[in-house]
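Participant: This is the structure I have questions about; it appears just below.
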There are 2 protein chains.
Amino acid sequence: MSGRPHGESALFPVEQALVTDGGGRIAPLAIGFQTYGELNADRSNAILLCHALTGDQYAAGVNPVTGKPGWWDAMVGPGKPFDTDKYFLICSNVVGGCMGSTGPSSVNPGTGKPYGLDFPVVTIRDMVRAQAMLVDHLGIETLFCVAGGSMGGMQVLQWAASYPERVFSAMPIATAAKHSAQNIGFNEVGRQAVMADPDWRAGRYLEQSVRPEKGLAVARMSAHITYLSEAALQRKFGRKLQDRSAPTFSFDADFQIENYLRYQGVAFVERFDANSYLFVTRACDYFDLAADYGGSLARAFKDTTTRFCVVSFTSDWLYPTSDSRAIVHALNAGGASVSFVEIESDKGHDAFLLHEPMFIATTRGFLEAAAAARGLRAGA
Amino acid sequence: MSGRPHGESALFPVEQALVTDGGGRIAPLAIGFQTYGELNADRSNAILLCHALTGDQYAAGVNPVTGKPGWWDAMVGPGKPFDTDKYFLICSNVVGGCMGSTGPSSVNPGTGKPYGLDFPVVTIRDMVRAQAMLVDHLGIETLFCVAGGSMGGMQVLQWAASYPERVFSAMPIATAAKHSAQNIGFNEVGRQAVMADPDWRAGRYLEQSVRPEKGLAVARMSAHITYLSEAALQRKFGRKLQDRSAPTFSFDADFQIENYLRYQGVAFVERFDANSYLFVTRACDYFDLAADYGGSLARAFKDTTTRFCVVSFTSDWLYPTSDSRAIVHALNAGGASVSFVEIESDKGHDAFLLHEPMFIATTRGFLEAAAAARGLRAGA
């Protein structure tokens, strides 16, 4: 994976090390990124899109690694809510990832070998620090908007807290200001599945030319169930059998849902690094924005002038609406400008990645109002 | 495990083979069981307790294998709802299990080696067939009650459908008349975790003196999350750290929930056979009672005279109340005598195994009314 070409990249020299919350030091630091649209003359139309757990910088168009549409292709492009005719969009791979940004599969300059578990455990704030370095590198002072769902939404919240003056508007979507015990539990299952695979080799598998494919596939299968609602699974699969008219009384994938999950596992292993999976899930588990502000989430957003649009989906049980309400309450307590939209959908957590008309309309409306407030002209 | 002593056992000779729904043949057939209390003179006070996925025949008292209280010790004993001073309680290990009933770890008489995956895939109906053989063996014609939760509840429903004249009353608890796509999905994750472990050896690990401990532990961790509600996890663990005041920025079990789940995995492996886990989860996945009755669940209970008490728990998301309602609707359509109690609890699916006062009172009340209708005298 690490040998594959990845669009654009910003390389920060050793002097510009990323010092992590855990006291680690990442240098040199590469940030893989993509941009869409054009930056306007006064550099006021830049939007940072933050990807979710296993997403990447290929938000729109065709992902060159998978050959499939980018993860937010429904949302990003000419005439779409994140309108590439109006905005300059930046999307970067998170630090700790495996798509061009420095992560555990990168070469550790101290040893000449892949970092593996010697890579520092990063936090959501570390991811955002790296993004801020990229935004600086691109010569942009203030972002017109920072938007993202799930782990991307955590980054949005962190941006608004860490750099309030640099964020004109923010869209945290299907996310939470801290990981719940259940969230941590599911992530831990995934990590244990990876680490249980003898081909994980205590994280040193790349040097030994093996990969913990089975463990990572199990991790993905488990996580994938949490991305969908029970209703969506029932509608899509129910108890339908796969290519057969009667059960085989065996452990074959008799049911379509089994076949689907196995496919999700296998396809994921093709595109994702197992150690990166450990690091990105860990970053989410450590996320507890209020903890950095004396336990008060409201204090994280004190005196903010950022305009917020918080979005949740009714059938999302991974980051339920109650998590979004907690964010909204904290913003309200600080007198922030905040819209909150709970979108009726039976598609579960993944709804933010799918073609949801109400979500698309909400995003378009929020951005247009923010653009008017910002004095952005169409096409400018 | 298979070498350990297990309470009582009924051994059915080769002539009394259990022919399974899948066309398999299990002979000889051993059924490990326990009884509590005394059978009365007219043999009218027998209650069959059906255990859940990884339960066993040790419903009450101390489980000799784990040294811990039996799985329904809160419910079974003198003066408890399943009152051993009034009733004769029978609890047997399911066929396919690993606690004294014939299962994949038993010796296949055809090869002299453990069955492994050559054991026939069994269904809930096969489990109930084996229980009926045991009840015959004990000389009992009619059961005063058949009760159980989760997979045990499926057996209750199957008993009521297959042998309506032998079931005076029935308590299907925290269960469903068919497995949903989400239920199947979680089970498939567990099976894949077991099968991904190289020590599984295509199911032949016992002959090779290894056991797929890591894979089975991951399966258990994943399943365990589904047994608890998000609220219960939050109340019990939240984001509390384990034996430390600050996160370690590592993959150690920083959070109590991680430590708890790891412990659940390790403890489970001590007491359960990996292949049995495959078979019992598969039996649940295949369960779709209506399918055996032309797609009509009501037809499964047509003209039944059994008295039913259906119980669900508000925070059970594995077998939510809607699953119980579907059972109640089918029973109502057939004009059955049915009580339905949805119990307010934030403890999730496992609530039926815990000390829930409303559940205990409900069970006591239902059994006392049924005993009066049956003409059972106290202590008789």
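Cβ atoms here come from the backbone N, Cα and C positions, even for glycine.
Below are the features I grabbed from TrEMBL:
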type     : residues           : note
ACT_SITE : A:SER150           : active site, nucleophile
ACT_SITE : A:ASP316           : active site
ACT_SITE : A:HIS349           : active site
BINDING  : A:ARG220, A:ASP350 : substrate binding site
DOMAIN   : A:45-355           : domain 'AB hydrolase-1'
Participant: Name the one residue among A:SER150, A:ARG220, A:ASP316 whose Cα is closest in three-dimensional space to that of A:HIS349 (active site); these are the recorded positions.
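Facilitator: When the Cα distances are compared, A:ASP316 comes out closest.
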Participant: How many whole Å apart are the CA atoms of A:ASP316 (active site) and A:ASP350 (substrate binding site)?
Facilitator: 8
Participant: Name, in the order they occur in the sequence, the residues of the same chain whose CB lies under 8 A from the CB of A:ASP350 (substrate binding site) and which sit 6 or more residues away.
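Facilitator: For A:ASP350 (substrate binding site), the qualifying residues are A:TYR227, A:LEU228.
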Participant: Just to be sure I understand the packing, how many Cβ atoms besides its own are within 10 Å of the Cβ of A:HIS349 (active site)?
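Facilitator: Result for A:HIS349 (active site): 24 neighbouring Cβ atoms inside 10 Å.
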Participant: Do any residues at least six apart in sequence from A:ARG220 (substrate binding site), in the same chain, have a Cβ closer than 8 Å to its Cβ, and if so which, in order?
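Facilitator: Correct list: A:GLY190, A:GLN264, A:GLY265, A:PHE268, A:VAL269, A:PHE272.
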Participant: Helix, strand or coil: which one is A:ASP350 (substrate binding site) in, per DSSP?
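Facilitator: Once the DSSP labels are grouped into three classes, A:ASP350 (substrate binding site) ends up as helix.
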Participant: Would you mind checking how many other C-beta atoms are within 10 angstroms of the C-beta on A:SER150 (active site, nucleophile)?
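Facilitator: Other Cβ atoms found within 10 Å: 27.
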Participant: Counting across all protein chains present, how many other Cβ atoms fall within 10 Å of the Cβ of A:ASP316 (active site)?
Facilitator: 29
